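Undergrad: Structure below; questions to follow.
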Amino acid sequence: MAKKNLQCENESETPEEDKKKVELGKKVTLLRGISIIVGIIIGAGIFISPKGILKNSGSVGMSLVVWIACGVLSLFGALSYAELGTCIKKSGGHYTYMLEAFGPQMAFVRLWIELIAIRPAAMAVISLAFGQYILEPLFMPCDIPPLAVKLATAIGLTSVLYLNSMSVTWTARIQIFLTCSKLLALAVIIVPGMYQLFKGETKNFENAFDVSAIKLSEIPLAFYSGMYAYSGWFYLNFVTEEVENVERTVPLAIFISMAIVTTCYVLTNVAYYTVMSAEELLDSQAVAVTFAEKMLGKFSIAVPVFVALSCYGSMNGGVFALSRMFYVASREGHLPRVLSMVHIRRHTPLAAVLTLYPLTMLQLFVGDIYNLLNFMSFLRWLFIGLVVLGLIYLRFTKPDLPRPFKVPLFFPVVFCITCFLMVFLSLYADPVNTGIGCGICLTSIPAYFMFIYFENRPKWLQQILDSLNRTLQIILMVVPPEK
């Protein structure tokens, strides 16, 4: 009834092109798929993480080894996800694959952790980087007031949510533009750096593999920073149902994207070291800006703008993809029904898009960016390792499942072992954050039994939930998608 009333009320003001079937259409082409992956991966990581990697790896040479190793490891994981995306053609990414491999209980644990910890923290980190860099040209050379950074961050995050609520097509178009902008930003760093290298500026590479400062206990944190910089290769799997020609587009987009990103990252770090010593890089509050000041003179003022656009692209792509996970989880009965509904004219999952907003805004005012990074990495790689373990499990439990794209078993095995090794070593290197992560994981158990397992809720509670669902449906003008 709510669906009929909403459609009748808006029929007179709805343009002809908006009278089509209410659903999420297949609008993600190969180019848009590449822009989603590259646009999300290249965010603040390459501009923030060099400092964390160098600090925890102990030397210039070892830091470059970590960058390359993280690129290879990410490729193994990305190709494993390409197989999952082509044999399980449902949106939702991590959540969907956990559901198919291990059942609803494990899938809910993954969803719970994503909702209350991983995604708000991840969005807060990249949003804070956006707020810092977008204000940098206005305050140079002074420090930016923390409150100003948080206000700029809040405005940026709100605009991203508004864009994703209004149009899938325009979200994808702007993502392509932002991806081009961030590749241009990296080119501004790489080209002068390579010129310096060819001129013979190699003094910062002398004794590059000095092992005296390397501490084994800190290597996992270096990998955390590097894997954070590469993270994002899995986001296309969140929108599988909206991808054209899934069997071809998903593997091809993932492979092309990883080749682009790995090449850019390694060359960018080499460029940094052609003009900055290890000490200068560690002392820098904004590595890319310090590089630009040394090499580009007055033009350096444009670099923070490029970096801010890069962060904005990661925010935009992240919201676009993550909203589909909540959309699918709602469809499976693990989240309120309103989250699986589509706006009657915009054809966007409006309620699902808005889900992370309050928790992310709360995270903006809590913690240090590097603590957030390490805490988030522990939870993220624990569950991504479990998802890829699910791929191995499905190989043996469902051998007849159609697999248009199939990777050598060596790839997921190595990826799983590395992820779990990083997680276990983190218990020694960073026990506080990992302990908090384990505690949050345990909260999913009572949540599952309270909200999912026990279906016979008190009548008064069920009435409140149903009333809230109907009210949100009317306010947001959303209806269940048409079959």
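Cβ from N, Cα, C; glycine included.
Taken from TrEMBL, the feature transmembrane segment covers 29-48, 60-82, 116-135, 147-164, 176-198, 218-238, 250-273, 301-327, 348-366, 378-396, 408-428, 434-454.
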Undergrad: Can you say which of 60-82, 218-238, 250-273 has the most Cβ pairs under 8 Å with the transmembrane segment (301-327)?
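TA: Answer is 218-238, with the largest number of Cβ pairs below 8 Å.
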Undergrad: If we skip the immediate neighbours and take only residues 6+ beyond the ends of the transmembrane segment (348-366), which ones have a Cβ under 8 Å from one of its Cβ atoms?
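TA: Residues packing against the transmembrane segment (348-366) from afar: 24, 115-116, 119-121, 123-124, 127-128, 150, 153-154, 157-158, 161, 164-168, 319, 322-324, 326-327, 330, 338-342, 372, 472, 476-478.
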Undergrad: Test the contact criterion for the transmembrane segment (408-428) and the transmembrane segment (60-82): 3 or more CB pairs under 8 Å, pairs 6 or more apart in sequence, then answer yes or no.
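TA: These two stretches do touch.
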Undergrad: Please report, as numbers and ranges, the same-chain residues at least 6 past the borders of the transmembrane segment (116-135) whose CB is under 8 Å from any CB of it.
TA: 43-44, 47-48, 144, 148-154, 156-157, 286, 289, 304-305, 307-308, 311-312, 314-315, 318-319, 322, 356, 359-360, 362-364, 369, 372-373, 375-376, 379-380, 383, 437, 440, 443
Undergrad: Out of 147-164, 218-238, 250-273, which stretch has the largest tally of CB pairs under 8 angstroms to the transmembrane segment (60-82)?
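TA: It is 250-273, which has the most Cβ pairs under 8 Å.
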